[in-house]
Each structure stands twice: as C-alpha cells, then as structure tokens.
Amino acid sequence: GGPQNTLDEPVWETAKRDLRRICKNLVMVVFPFKDRSQQSAALRNWDLWGPMIFTLGLATTLSLGAQTASKTFSLVFALVSMGAIVLTVNVVLLGGTIGFFQSLCLLGYCLFPMDVAAIVCVTVKIMLVRWIVVPVMIVWASWASIPFVGGAVPANRRALAVFPLVLLYTAVGWLALIT
C-alpha cells in the first residue's frame with residue numbers, strides 16, 4: 001500500500017489500521033512466550049489506543065462491582081494512569097533506553113490480564129476462584145512486561161525497574177479482589 005498516517009486517508013482505513021495494530025500488540029501480551037524480536041518491533045510502533053481501552057475497561061469493570069462506582073472508577077483510573085507514568089519516569093531515570101510513550105504503550109497493553117482478572121472478580125463471587133485467578137493474572141501481566149522493562153535498563157538496575165512494575169499489577173489485582 002501507500003504511505004501510512006496520511007491526512008487524506010479515509011477514516012475507515014485509519015480505524016482498520018489502528019485495530020490491526022491493537023490486535024497485534026494484544027497477541028504479544030496474550031502469548032508472551034513468542035518471538036521477542038517481533039515484540040521489539042511491535043514496541044517501536046507504539047500507540048495509545050490499546051492502553052486507553054484497557055485502562056478504561058479495567059476502571060469500568062471494577063466500578064460495576066463497587067458500591068461507590070464513580071469513586072472506584074476514579075481510583076482505578078488514577079492508580080493505573082499515574083502508576084504507568086511513574087514507572088515510565090523510573091525506567092528513564094534508571095538510564096532506560098525505552099521511550100516515554102513506548103513504555104506507556106507497553107504497560108497499558110500488559111493490563112489486559114488484569115482486565116480479565118477484574119471481569120472474573122466482578123462476575124464470580126466464589127473467593128477461591130478469585131484468589132486463584134488474580135495471582136495468575138498478576139504473574140501473566142508481569143511476565144509479559146518484564147522482558148521489555150528489564151531489557152530497557154542496565155543489568156545492575158533491572159530489579160529497580162521490575163519491582164515497581166510487579167507492585168503496580170499487584171495493587172490492581174488487590175483492587176480486583178476486594179471489589
């Protein structure tokens with residue numbers, strides 16, 4: 001095809017291209033064991049549509065199961081948004097080679113397993129199921145993002161970049177559990 005991101009491109013073509021990119025990036029999170037070179041290439045073509053969808057989806061899902069829906073939505077949205085920004089700044093300050101928006105993109109897509117955990121926690125009231133699903137999804141979200149975040153900083157600072165990441169996903173998982 002022709003050049004991408006042109007102003008005279010039909011809206012439908014732009015939407016299809018963005019949806020394909022979202023699906024492609026989501027596959028990288030759903031199957032984190034796939035070829036890492038493909039994942040690195042996908043990260044270079046970052047977007048913020050997917051992260052916005054997954055952040056809004058998480059906040060909406062958790063607010064559905066809450067008594068104070070608007071406060072819960074605000075809390076989850078602020079926690080995830082500010083957490084992603086703080087984690088991104090942390091990686092940059094640690095000498096990371098990842099760009100600001102690339103990092104936001106990555107962290108947003110890796111929220112997908114937490115969206116699944118939130119859906120399970122809102123729909124399934126059996127605590128045993130929730131206590132099994134949430135830790136699995138925290139590990140899944142972390143596993144999908146650790147190679148990118150850990151690989152973006154010098155080896156001697158890797159733990160300083162990865163620990164806050166796992167902490168963010170754990171906090172989101174805890175919010176899902178108590179909803």
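Quick reminder: no glycine exception, Cβ is built from N, Cα and C everywhere.
Automatic, uncurated: that is what TrEMBL annotation is.
Annotation source TrEMBL lists domain 'Yip1' at 44-175. Mean predicted confidence for the domain 'Yip1' (44-175): the pLDDT average there is 93.
Taken from TrEMBL, the feature transmembrane segment covers 48-66 (among others). Sequence-distant contacts of the transmembrane segment (48-66), counting only residues of its own chain at least 6 positions beyond either end whose CB sits under 8 Å from a CB of the stretch, comprise 18, 21-22, 25-26, 72-74, 76-77, 80-81, 84, 101, 104-105, 107-109, 111-112, 114-115, 118-119, 121-122, 172, 175-176, 179.
Tertiary proximity for the transmembrane segment (73-94) is limited to same-chain residues at least six positions away from its ends with a CB under 8 Å from its CB atoms, namely 51, 55-56, 58-60, 62-63, 100, 103-104, 107-108, 111, 149, 152-154, 157, 160-161, 164-165, 168, 171-172, 175. Residues annotated as transmembrane segment in TrEMBL: 73-94 (among others).
Positions annotated as transmembrane segment by TrEMBL: 100-124 (among others).
Here TrEMBL flags 131-153 (among others) as transmembrane segment. Residues 28-29, 32, 36, 39, 43, 87, 91, 94-98, 103, 106-107, 109-114, 116-117, 120-121, 124, 160-162, 165-166, 169-170, 173-174, 176-177 of the same chain lie 6+ residues outside the transmembrane segment (131-153) yet bring a C-beta within less than 8 angstroms of a C-beta in it.
Positions annotated as transmembrane segment by TrEMBL: 159-178 (among others). With a threshold of 8 Å between CB atoms, the same-chain residues lying at least 6 positions outside the transmembrane segment (159-178) that come near it are 58, 62, 75-76, 79-80, 83-84, 86-87, 90-91, 94, 96, 107, 110-111, 114, 117-118, 120-121, 130-131, 134-135, 137-138, 141-142, 145-146, 149-150, 152-153.
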